[in-house]
Amino acid sequence: MAGAGLRAAARRWLLCGEQGGPRAASTSPSCPGCGPPGPGAHCPGTPRSAPVGGAELSAHLWARYQDMRRLVHDLLPPEVCSLLNPAAIYANNEISLRDVEVYGFDYDYTLAQYADVLHPEIFNAARDILIEHYKYPEGIRKYNYNPSFAIRGLHYDIQKSLLMKIDAFHYVQLGTAYRGLQPVPDEEVIDLYGGTQHIPLYQMSGFYGKGPSIKQFMDIFSLPEMALLSCVVDHFLGHGLEFDQAHLYKDVTDAIRDVHVKGLMYQWIEQDMEKYILRGDETFAVLSRLVAHGKHLFLITNSPFSFVDKGMRHMVGPDWRQLFDVVIVQADKPSFFTDRRKPFRKLDEKGSLQWDRITRLEKGKIYRQGNLFDFLRLTEWRGPRVLYFGDHLYSDLADLMLRHGWRTGAIIPELEREIRIINTEQYMHSLTWQQALTGLLERMQTYQDAESRQVLAAWMKERQELRCITKALFNAQFGSIFRTFHNPTYFSRRLVRFSDLYMASLSCLLNYRVDFTFYPRRTPLQHEAPLWMDQLCTGCMKTPFLGDMAHIR
């Protein structure tokens, strides 16, 4: 219904001028009011003779602006919102589940989804460790966890104490750089990197987002870590305390690690499964359905057996191990996928290590550590018939896709919230008008007299305001985890590179048949001339496919 409304509005605008007369698409690559004027060029619906300058030209530009406003209004009827389904699975690569024989899973934030109430507890425990064990100032205790501060996928420049959002081309998104809890002016950011927004990540960060200078926060557990790091830096800067940036960063990351290593997080979850674990019944439904259709299942997790066992008993029941052909705990990913040296060790029913050599991986048994090369040799599960799900793009998915040819599925819990925002009328209108205004700026920039430059400057100001509004809909400081103002984020780039599918939760599989084929949408490249709003407005249509209007986001 929404697609039909878009097509009808587009067709009305293209076929009828403002007086109701016929309008034909221009075949000229440039015409007055749309681009650089050329001999004999003319855009339908505009005067035959272009204004020569001054107030007349300024009025012409604003007339084109009003044309665009009307078009955008007509193209977005109320039913255009809610086009995206938060429970859908989105494909980066074509994949048929009919061909998948083996399903693998991570545990944390894949099989087990955790409630956000876990994050402030991690923050508070690590903050107290800093004060009590690392002797940090008592004043840090006044800081509480702010769930609205950071987003996943940010980079942290250790030597500059700078938390920032970087796009797919390694450029900092201006307005998204923070030192402590305070934004850093754009001019200072550019100056810090030698007069550019570009960050040479290949020099400063390794493949897994961990380098000597810059760290990328990729997993969901990193949200309280970023918040604590920013709060501690804020306290030191606010009180004029000298500190070594590298020492402070290491202390905070070690305190967060201690929360996990000392088992504090495991204890909280085990004591109140109902409070912390979400969608357990849906996890059970997914696993049962796959087994019922003859699929093989395995689990590879870094978490300890006792913790996984209690969580799976809560979600699935005491016989959960009978669903899995292989269960591997404390696997030490990502080195599990690259290091051949660690052998598998069997655990008994009490979780104690056994000493016998592993010559086969048995159903119902628990194994610890090991490596993927022995796993492949013992199971013979290879290539695209294996589909592995995880939440960490580096630790869970990257090596499996690049080195071993497995199919991969990324679990991105933030996707559900972001899609709900995208489906709002405010976002849809803001983004569409922003795209349209950008097209106007591009086409009208040939007019460089004083009055025209004032009009263009006003449009540029409005465009920047629209970008900031759209960004703040997702997160006031950093915006969407998937987009900078116009480019994909560095996180998005890795998501597309390392996952065939991505979804908000494993339960999304329940919406599809086990033989379903996922087809990625053909996203137009820049030179393929998609049907953008600005081309509609000026009449300079480069493609006649009005049906594509249904896919404009």
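Placed from the backbone N, Cα and C atoms, the Cβ positions cover glycine too.
Per TrEMBL, the feature Mg(2+) binding site maps to ASP106, ASP391. Summarising the annotation, TrEMBL assigns active site, nucleophile to ASP106. Here TrEMBL flags ASP108 as GMP binding site. Residues annotated as active site, proton donor in TrEMBL: ASP108.
Mapped onto this structure are the features recorded in TrEMBL.
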| residue | record | CB count, 10 Å |
| --- | --- | --- |
| ASP106 | Mg(2+) binding site | 25 |
| ASP108 | GMP binding site | 22 |
| ASP391 | Mg(2+) binding site | 24 |
Rounded inter-Cα distance in Å - ASP108 (GMP binding site), ASP391 (Mg(2+) binding site): 8
